[in-house]
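Pulled from TrEMBL, these are the features on record:
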type	residues	note
COMPBIAS	33-53	compositional bias 'Low complexity'
COMPBIAS	113-124	compositional bias 'Basic and acidic residues'
COILED	172-362	coiled coil
COILED	391-457	coiled coil
COILED	512-543	coiled coil
BINDING	GLY640, GLN641, THR642, GLY643, ALA644, GLY645, LYS646, THR647	ATP binding site
COMPBIAS	929-938	compositional bias 'Basic residues'
Amino acid sequence: MVPSRRPWNLGATPSLRGLWRVGRAREPEPGMARPAPASPAARPFPYTGPGRLRTGRGRDTLVSSDEDSSARSAARPALAQCRALSVDWAGPGSPHRLYLTVQQALLDKGCENKSQGTKEEKLPKRQAPAPRRDREAQEAGGTMNVEKTGGRLFGSGRCSSLGGPPGAAPMVHRMVEAMSQLQEEKARLQEELAAMQERLALQDSDQQATSTQPQNQVENLKEKLISQAQEVSRLRSELGGTDLEKHRDLLVAENERLRQEMRRFEAELQELRAKPAAPCTGCEHSQESAQLRDKLSQLQLEVAENKGMLSELNLEVQQKTDRLAEVELRLKDCLAEKAQEEERLSRRLRDSHETIASLQAQSPPIKYVIRTVEVESSKTKQALSESQARNQHLQEQVAMQRQVLKEMEQQLQSSHQLTAQLRAQIAMYESELERAHGQMLEEMQSLEEDKNRAIEEAFARAQVEMKAVHENLAGVRTNLLTLQPALRTLTSDYNGLKRQVRGFPLLLQEALKSVKAEIGQAIEEVNSNNQELLRKYRRELQLRKKCHNELVRLKGNIRVIARVRPVTKEDGEGPDATNAVTFDADDDSIIHLLHKGKPVSFELDKVFSPRASQQDVFQEVQALITSCIDGFNVCIFAYGQTGAGKTYTMEGTPDNPGINQRALQLLFSEVQEKASDWEYTITVSAAEIYNEVLRDLLGQEPQEKLEIRLCPDGSGQLYVPGLTEFQVQSVDDINKVFEFGHTNRTTEFTNLNEHSSRSHALLIVTVRGVDCSTGLRTTGKLNLVDLAGSERVGKSGAEGSRLREAQHINKSLSALGDVIAALRSRQGHVPFRNSKLTYLLQDSLSGDSKTLMVVQVSPVEKNTSETLYSLKFAERVRSVELGPGSRRAELGSWSSQEHLEWEPACQTPQPSARAHSAPGSGTTSRPGSIRRKLQPLA
Ligand SMILES: Nc1ncnc2c1ncn2[C@@H]1O[C@H](COP(=O)(O)OP(=O)(O)OP(=O)(O)O)[C@@H](O)[C@H]1O
């Protein structure tokens, strides 16, 4: 009976290919557990370690690689009937286990050995997975079909994934059945054995060749492994891990040595600092010492920097050492892997040899082994290629590590150089420090010597001085003995003076009393002298006034002066504009007029040429103004034909004022001078007489006609009811008053120039004074009159209103002439009332008044007839004598009540207030001007 052949699936048999997959991540086969981690503790199998032999009975026998075969040989007898041999590979990757199970009992003794019972026999029969294993083996290219002769090969540790849970009853039964089947096939196998032996003999030669090939490959692999191991060791020596360590150790030692040196330097520095400072300041050595100290501090700084650099280098060396240790560790791992691989291969080789040997002994197994070796040969090739790839990878890593090590060597080199530099610097610093220390010592030595020398000298000097002091002391003692009597005398003197000082306040009081009495007497004498001087002063003042008045009287109460204006553009050119007036070089009171070819001369009080200034003219009239302060009435006329310069002389120009403003300035300054003795009040009125109508230029209603009346007190004085009177205290007040009067005139008349030429303008200044000491009251009135033009009617050929104006002017001027003529002839009746002008000026023209007429003369030829008329009139006036001047002064004649009654219409609003409320105050005007003339339009 030919037993049925059942193919044995060897696909799951651990092969060399599987063994070479150590350490490689591999996906588990379907239905198999994922490979366990590399840690031995975490492995699913009991870790057996390298070379651990596991028997099928679960006992492990630890063997070395050398002992492997012997251990296995020793273990083999224990597996007499059913032997399970397993070799555990404990590489870093997933463990693989090879089970070579040879059931010798099935091969040699048959089924009767079954009764001895081994654990392996009780293992579940693995029939079901066999086809799948065949497939897997076929896929791996290593499928081998053998007859079921009792040989069994399967992967240990995968029982649960192959058929069912180990120890399960159905599986055991199936195993038993299989074993019985195997026994039944015993005979068949024996037959087959014979056939196989025959075939084996035939295939002997082929077998030899086939068996030597894998052996050679294994040998080659072994050699390669050895060479790789050598290469690794060589690389390790080349990498210089030991050198690096040596470098590191050297650096650490160097660092430690430098630190110790630093500590020593610092201690020395501390000692040097602790030493007392040299007493010599400012000497050469101290400066040098300071420099050395500075240098030392710099060196310390540098040393500190070097320390920092050293610490950085240490850190760097430490890092590199760590990296080196890592590399070493990895190399060790690699070497361990290599060793294990090598061991495994050698073991595999031995196993192969054994297998071959056993196969050679038994023809069927030999065939099986030969085929297995064939399969393994291809797997070994693959493993070799993988090993080569891995070797390549390791070489790359080694190259990288070599590169890193080279860099580290360079860094170490630079560190070494830096350390050498630092060491050189430190040596230099040390030498400098030593030098400085030596210098310091020398310096201290010299200082010590200096100090000793100085002490000796000082001691010698002190001895000499002590000697001198002793001598002086002896002299002082002798002096003291001689001075004692003098001291006693001085003490007695001091006591005497002390007693005198005690009585000194009494004496002082008496002396003060007498001095006070003398001072009081002196003050009384001075007061009486002052009174006497005051009396004399007043007497002298009166005398001065008398003299002044006498002077004025001698000059004449009516004085006439002439002023010739210069030729102006208005005079035109040609023969009419030629000069017809000449002067006497020797007599300033003579004026010559060339009239119709005949020279006519006139004698007046004074004649002013065109060159005379305003101040020159005022100089002549200021004596009159001063007499006004003394209580005299004064009247100053400006007479002459139109355009002869009357307004110029009386009012002047803003920058060159005339008599009006200068007179008021003089009045204010005189009043100021006498303010200590007199109280003066100055009031101002302004009026105009036009066509025999008197108008108030400062009133609220300038068009109102004013009348001149007698005072009702029966004093015979005249007054003008409604005539405004402003009290002024400064030139500014005067200017404001004139401004207001000018505004009134411009409001009333459109052609002011014409009007002003045809009217008389009067500025009436009243000065009232009270003598503070005597109570004497004085009143003086200053009339400043700018008369209208004196042209004759017939010559001017005027008609209508002009004729009427001329008639009024001539009437008033002739009335003035009549009054003056009456005064000259001393007539009983003086016709003051013939005109408003003479009537208003009655006070100033009567016997106690002073009159000055300024005759304005045009120098040009065309005006000679009028000039002749004016000069004749002036000469006639000059001949009048008003009689002795008298003052309007009464001792306590009128009280303030009487003053008010005498001036019933007196209004004394504040000029400033009036000036501000005046309409048209913005009109341009000349200060101190009542009778303004605007320039005719071209
Ligand atoms: N002494 C002088 N020096 C320079 N210029 C003068 C002098 N006298 C008069 N004038 C000029 O002559 C011109 C006429 O003078 P002013 O108006 O004073 O004459 P008047 O006699 O006042 O005339 P009226 O009768 O029209 O008022 C003015 O331009 C004036 O500046």
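Glycine is no exception: its Cβ is also placed from the backbone N, Cα and C atoms.
All annotation found in TrEMBL is predicted automatically rather than curated by experts.
Long-range neighbours of GLY643 (ATP binding site) (same chain, six or more residues apart, CB within less than 8 Å of its CB): GLU570, GLY789, SER858. Ligand 1 lies under 6 Å from the Cβ of the following binding-site residues, listed in sequence order from GLN641, ALA644, LYS646: ALA644, LYS646. According to DSSP, THR647 (ATP binding site) sits within a helical segment. Note: the ATP site is recorded as GLY640, GLN641, THR642, GLY643, ALA644, GLY645, LYS646, THR647; in the same chain, ARG565, ALA638, GLY789, GLN856, SER858 also have Cβ atoms within 8 Å of that site's Cβ centroid. Mean per-residue pLDDT, taken over the coiled coil (391-457), amounts to 87. DSSP assigns GLN641 (ATP binding site) to coil, not to a helix or a strand. Over all protein chains present, the Cβ of LYS646 (ATP binding site) has 29 other Cβ atoms lying within 10 Å. Comparing the binding-site residues GLN641, THR642, THR647 on other C-beta atoms within 10 angstroms of each C-beta gives the minimum for THR642. For GLY645 (ATP binding site), applying a Cβ distance below 8 Å and a minimum sequence separation of six or more within one chain yields ARG563, ARG565, GLN856, SER858.
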